[in-house]
Structures are given as structure tokens and as C-alpha cells.
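Asks: What Swiss-Prot shows for this protein is this:
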BINDING   His55, His57, His113, Asp132  Zn(2+) 1 binding site
BINDING   Asp59, His60, Asp132, His170  Zn(2+) 2 binding site
Amino acid sequence: MPEIRTFLCRSDNIGVLIRDPATGACAAIDVPEAGAVLRVLGETGWSLTDILVTHRHFDHVEGTPEVKARTGARVTAPAKAGDAVPEVDATVREGDAVRLGSLVAAVWETPGHCADHVTYWFERERIAFAGDTLFTLGCGRVMESPPEVLWRSLSRFLALPDETAIYSGHDYVLSNARFALAADPDNPNLKARAELAERVKRDGRFLIPTTLGEEKATNPFLRATEPALARAVGMAPGSDPAAVFTALREWKNRF
């Protein structure tokens, strides 16, 4: 199994390093902040070979030029990001495979938060790097497309095994938990998860990774097919889940 380190960048971004112990190949998933990535590389002694970009937003790529200059890492980014990601060596689209030593990730195009967003899915290891598409107890803001586009992207995750580890690009767990409890107040799994989130934050940690099973049980944005969530937005049970999701996302925007 790969070695993975997570760490805080900027104010709420989550930096991630993944290393293949068989070959020493190591990737950063986005570079929100050069200093944090370089510090953790120094602490681990790992040598960075790759940077895998999930999307073009500044808070995910700001540190890319410095980290590439310091490490010589190869930068892979979504083809649809165009020139918005600096220092790109290779681009990827839906269905491409990215190799990190002996590890192989399938590239999913997961638009909704932004049009160029991709997820890196390591099927053998059951690990998904979801960027700003799926968060612990939440999902990304819809910025460039109708909300149903993000719902379609999120629906792809629902087909993955429950034990899949989900690494997201931000730690918004407390605000996400508050909204989730407002939308799904009678969910006992959610209540326990929200209490855990409070304890973890008090300890200076974060609930990343999460698992798909945990999110299916507690994340309102993955539960748009559930009668309780339809009722929460004033819709009848059995309503179109894309419409329920849209109403939930619009509610969260105002929350």
C-alpha cells in the first residue's frame, strides 16, 4: 500500500503526498502552498517526482512553480484547464491513466465545482483524490455549471466500494457538519460524526481521509435519494435526486 501524508496548507487547504514504497515515486496532489509541501518532504525524506493537479484554482496551484523548481517534479494537470495551471508537463482527460511508480490512477473528469476538475482514482488501493468535488460531510460550490453537473460527478463516487478512502482538498468539516445537521437532524450516524468532528478539531486534526461508506451514511449531498433529504427541501420522497441536490446546494450557499 502507498504511504500518504496529509497536512494543512494556507488556512484550510489540505496538502497530500502519496509515495509508492516499491519505487520511491512520490506525488503531491495539488500544491496549495510551496512551503508546506517542501517542509513535509524534508520531514519524510521523500523525493517528489510528480505533481497531480485536480483543478486550476489558485489555491490549489499557487506553489507549483517553486516546488517544481526545487524538486524537478513532473506536473500533470487537466487538459481542460488550458494555460491556467503553471509549469505543466502533461495533460489528462477522462479515461487516461496516470502512473506513479507501480501505482496506477484512472482519471475521472468530475466537473461541477469547475469545468476542468478531475479526480484521481487508484482502484487497486481503493483511494480517490477528489479535490474540491467531494468533502467530508459536504461538496464543492457550483461555480461554472448547473448544479446537476456536480450531482452527476458525485454520483460516480456512489458506485465505489464503501471502504474507498476519499481525500479532499479542504477541511470544512465543522461548517459542513452544522449544515448537515440542519438538513438531516434525525440521522444518528450524522450526530455521531459531527461529535467526532468537534473532538478531532479540538485536537488540531482533521477528518481527512474519510471513507465513502461514512459519507453515504452522513453527507447530505450524497443522500439526495433519501426521503428525509427530499422532505428537508420541501419535496416529496422519490423526487428527482438531481433536483433535491440542487435545492440542498442552494440552501448551503445561503446557510
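Heads up, residue numbers simply count up from 1 along the chain you see.
Note that Cβ sites are derived from N, Cα and C of the backbone, with glycine treated the same way.
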Asks: Over all shown protein chains, what is the count of other CB atoms within 10 A of the CB belonging to His60 (Zn(2+) 2 binding site)?
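Replies: A 10 Å sphere around the Cβ of His60 (Zn(2+) 2 binding site) contains 24 other Cβ atoms.
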Asks: Given the binding-site residues His55, His113, His170, which one's Cβ is surrounded by the fewest other Cβ atoms within 10 Å?
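Replies: Result for the binding-site residues His55, His113, His170: minimum number of other Cβ atoms within 10 Å at His170.
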Asks: Calculate the distance in Å between the alpha carbons (Cα) of His55 (Zn(2+) 1 binding site) and His170 (Zn(2+) 2 binding site), and round it to a whole number.
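Replies: Cα of His55 (Zn(2+) 1 binding site) to Cα of His170 (Zn(2+) 2 binding site) measures 13 Å after rounding.
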Asks: Drop a 10 Å sphere on every Cβ of the binding-site residues Asp59, Asp132 and tell me which sphere holds the fewest other Cβ atoms.
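Replies: Relative to the other binding-site residues in Asp59, Asp132, Asp59 has the fewest Cβ atoms within 10 Å.
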Asks: Cα-Cα separation of His57 (Zn(2+) 1 binding site) and His170 (Zn(2+) 2 binding site), in Å?
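Replies: The Cα atom of His57 (Zn(2+) 1 binding site) is 13 Å away from the Cα atom of His170 (Zn(2+) 2 binding site).
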Asks: Given the binding-site residues Asp59, His60, His170, find the one whose Cα is closest in space to the Cα of Asp132 (Zn(2+) 1 binding site).
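Replies: That would be His170, the closest of Asp59, His60, His170 to Asp132 (Zn(2+) 1 binding site).
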Asks: Neighbour count, 10 Å Cβ-Cβ cut-off, for His57 (Zn(2+) 1 binding site): what number do you get?
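Replies: There are 23 of them.
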Asks: If one measures from the C-alpha of His170 (Zn(2+) 2 binding site) to the C-alpha of His113 (Zn(2+) 1 binding site), what distance in angstrom results, rounded to a whole number?
Replies: 13
Asks: What are the other residues, in sequence order, whose C-beta lies within 8 angstroms of the center of the C-beta atoms of His55, His57, His113, Asp132 at the Zn(2+) 1 site?
Replies: Thr54, Arg56, His60, Cys114, His117, Gly131, Thr133, Gly140, Met143, Gly169
Asks: Given His60 (Zn(2+) 2 binding site) and His113 (Zn(2+) 1 binding site), what distance in Å do their CA atoms have, once rounded to a whole number?
Replies: 13
Asks: For His170 (Zn(2+) 2 binding site), what is the secondary structure state per DSSP, taken as helix, strand or coil?
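Replies: Going by the DSSP assignment, His170 (Zn(2+) 2 binding site) falls within a strand, counted as strand.
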